[in-house]
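Visitor: Can you keep this structure in mind? I'll have questions shortly.
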Amino acid sequence: MLPQIPFLLLVSLNLVHGVFYAERYQMPTGIKGPLPNTKTQFFIPYTIKSKGIAVRGEQGTPGPPGPAGPRGHPGPSGPPGKPGYGSPGLQGEPGLPGPPGPSAVGKPGVPGLPGKPGERGPYGPKGDVGPAGLPGPRGPPGPPGIPGPAGISVPGKPGQQGPTGAPGPRGFPGEKGAPGVPGMNGQKGEMGYGAPGRPGERGLPGPQGPTGPSGPPGVGKRGENGVPGQPGIKGDRGFPGEMGPIGPPGPQGPPGERGPEGIGKPGAAGAPGQPGIPGTKGLPGAPGIAGPPGPPGFGKPGLPGLKGERGPAGLPGGPGAKGEQGPAGLPGKPGLTGPPGNMGPQGPKGIPGSHGLPGPKGETGPAGPAGYPGAKGERGSPGSDGKPGYPGKPGLDGPKGNPGLPGPKGDPGVGGPPGLPGPVGPAGAKGMPGHNGEAGPRGAPGIPGTRGPIGPPGIPGFPGSKGDPGSPGPPGPAGIATKGLNGPTGPPGPPGPRGHSGEPGLPGPPGPPGPPGQAVMPEGFIKAGQRPSLSGTPLVSANQGVTGMPVSAFTVILSKAYPAIGTPIPFDKILYNRQQHYDPRTGIFTCQIPGIYYFSYHVHVKGTHVWVGLYKNGTPVMYTYDEYTKGYLDQASGSAIIDLTENDQVWLQLPNAESNGLYSSEYVHSSFSGFLVAPM
C-alpha cells in the first residue's frame, strides 16, 4: 500500500497540470462575446476595450477530422508571436490554489524585531561569590556636594613639610616696601668686566672754606720742580650727588643668605590655583560603616526560580539601566574587600540625631585620596592651642627677578576654596542615653517624596579631648603664588656697628680770589714777545730742555676713520715727535727715559658706540666708553699719569668689535699725546 502513494501523487499532479495548461495556453484570442461551452474547454467571456488590429496567422488547409485521441503530454512552447498592439486587459480573477509543493530546507529569514521586554522576574537565590573583577575605568567626577555643617575646629599638630609645589604664574608686582635696615658692608669684590656706565652728574658743591691770609710776596727765581709730596689726608665724605641714570643691569649675583623671618599680616586670599597633576591611585581604604537600609522598593513578587548551576565567568557587560529596588534580602556572608569605588554625589542632609555613645578609638586609617574642595564653611568655635610644630627645612632661594613697576593696589580677591579635610577628630563627650521607644507596626511603603530643603546646622557638640596627631595628608594642589600685602614696619633695631669710612667727597668750588700781590720782576724775566738773550746760555739737544732736564713728548693725529680692532691704533699724522719715541707705523710709544709720564687722548664718535683703552705692555690701564646718539657727532677723552721704565710700551686700542665707532677725518681730528713729567 505504501509504495503506491508516490504513484498516485504523480498522477494527480499530471492531471492538474494538464487542466491548468489547457485553460491557460489554449484560450483563443480576438473573440468577442460569449463563447460556446464545451466539455473540453471552458472560456470566460470578457470584453476587449482595445480598438487595435488583431494579428492573425495564415490559415492552413483544413484536414479531415480525426478521432479524438488520448491526451498527450504538453508540447514545448512555440516561438513567440509578433508583438500585438493593444491596451492591457483587466486583471483576471485569482486562480485556484495549487497543490502543496515538496518540502525543502529554505534560507534563514531576516531576523525579526526584538520583542517587548518581559516583566521583571522574581529575585532568585543569592549566587556564590564570583571572582573579583577588574576595576572599571574611573568615572567622571560627580557634581560638588552640598557643604556640610561646620565641624568643631581642633588644631592638630602640624604635619611634615610637603614637597615644594610647582611655581605658580608670576603675580602682579606689589607695592614698594619700606627700605630695610642697611646691612654690613661686604668685602670688596674683584674687578668686573663690562661696559662702563654713564658718568653720574656732578654733585652739589661742598661748603666754601674760609679765606686764608695772604702771604707776603715772594722774591726769587723759579725753582726746579720738587719731588711729589705725600698724598694728602683723606677728606671728609661729601654730600651725595644726584642719582645718575640707571645703568644696564649687571650679571646676576649669587643668591644671598636667607634673612630672618619677618612678621607680617597675612595677605588676602589669592585666586584659586590651577588644578594640580592628578596623583597616583592610593591604597584601598578600610571598609566604611554600613549605611542605614534604604526605603523598600516597589515590585511585583514573582515566583522563586530554581537555583541554576554556576556558569563560566563572562566578559563584563555595559552598565544596564537602574532597576527598581527590591525587598531587602537576607544578609549574606561578607565578601572580599573590593577596590574603592568612585565617590558618589553627596546626599541630602539628614535630621540631626541624638548624641550616641562614644565608640572605641579606631586605628588611624591610610590617607584617602584628596577630595574636591568644598565651599567655604561657617567659622567654627576657636579650638585650644596646639603644640608648636617642628620647624621646616628652609627652601632654596630662587633667582632674583627683575624689579617690576609698582602696580596699583588691587581689590581684595575672592576667597579661595577651603583646604583638604583634616583627619577625623576624636569622639565627643558621652551624651545622655535616650529611652528606647516601642517598635511600631511596619507601615505600607509610601511614595518617595521630593527632596526637601537643607535643614539648619545642628548644635555643635562639646569639644572632645585632643587626639593623637594624624598621619600627614597628601600635598594639596599648587596655588597661585601671589605676594601678600606688606606688613607693618617693625620697631627699629639696635644701632649697628660703625661702618667703614666713606670715600672722599668731590672737591669743593674754588675760594674767592685773594688780595692782589706786589709785582716784583725776577732776574732774567722775559716779557711776552721778547726773544731771550742767548748770551751765557748753553745750547740744548733734542732730548734736553733749557733747564737741562731730559725731554720726551709727542702729539699725533689719526688721518683715517674706523681703525682695526684688537691692535694698536696707528696715529699717522705727526704734530710733534722730535725725540722719535713714538712710531707712527705701529702706533706704539716706547719709553727711552724712565720716569713719570702723562698721556691723554681725544677721539670722536660716529656711526656706533666707541670703547677705547689705554694699554701698557699689553695690559689695559684704563677704558673710555661713549654711547653714540644717532644723528650726532660725539666726543670722548681720557688721560692718565703712568710711571714707565726703559723699553715700556704704551698705545691706544679698540678692544671690542661691537664698539668701534672711532671717527677721524681731514677736519675732525682724533689725537693722542704724551710727555715726560719727571725723570726717575
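Cβ coordinates are placed from backbone N, Cα and C, and glycine is handled just like the others.
Not my notes, these are from Swiss-Prot:
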SIGNAL    1-18  signal peptide
REGION    19-56  region 'Nonhelical region (NC2)'
REGION    57-519  region 'Triple-helical region'
COMPBIAS  137-147  compositional bias 'Pro residues'
COMPBIAS  149-169  compositional bias 'Low complexity'
COMPBIAS  207-216  compositional bias 'Pro residues'
COMPBIAS  268-289  compositional bias 'Low complexity'
COMPBIAS  314-323  compositional bias 'Gly residues'
COMPBIAS  324-340  compositional bias 'Low complexity'
COMPBIAS  366-403  compositional bias 'Low complexity'
COMPBIAS  426-453  compositional bias 'Low complexity'
COMPBIAS  506-516  compositional bias 'Pro residues'
REGION    520-680  region 'Nonhelical region (NC1)'
DOMAIN    547-680  domain 'C1q'
BINDING   ASP626, GLU627, LEU633, ASP634  Ca(2+) 1 binding site
BINDING   ASP634  Ca(2+) 2 binding site
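Describe the structural context of each listed feature in the structure shown, including burial, neighbouring residues and relevant distances.
Guide: Mean predicted confidence for the region 'Triple-helical region' (57-519): the pLDDT average there is 64.
Within 10 Å of the C-beta of ASP634 (Ca(2+) 1 binding site) we count 16 further C-beta atoms, all protein chains included.
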Visitor: Would you list, in sequence order, the residues of this chain other than ASP626, GLU627, LEU633, ASP634 that have their CB within 8 A of the centroid of the site's CB atoms, where the site is the one recorded for Ca(2+) 1?
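Guide: Near the Ca(2+) 1 site, beyond ASP626, GLU627, LEU633, ASP634, sit HIS604, VAL605, LYS606, HIS609, VAL610, TYR628, THR629, TYR632, GLN635, ALA636, GLY661.
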Visitor: Just name the most isolated of the binding-site residues ASP626, GLU627, going by other Cβ atoms within 10 Å of its Cβ.
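Guide: Comparing Cβ neighbour counts within 10 Å for the binding-site residues ASP626, GLU627 gives GLU627.
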Visitor: Give the three-state DSSP assignment (helix, strand or coil) for ASP626 (Ca(2+) 1 binding site).
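Guide: It is in a strand.
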Visitor: Any idea what DSSP makes of LEU633 (Ca(2+) 1 binding site), helix, strand or coil?
Guide: coil
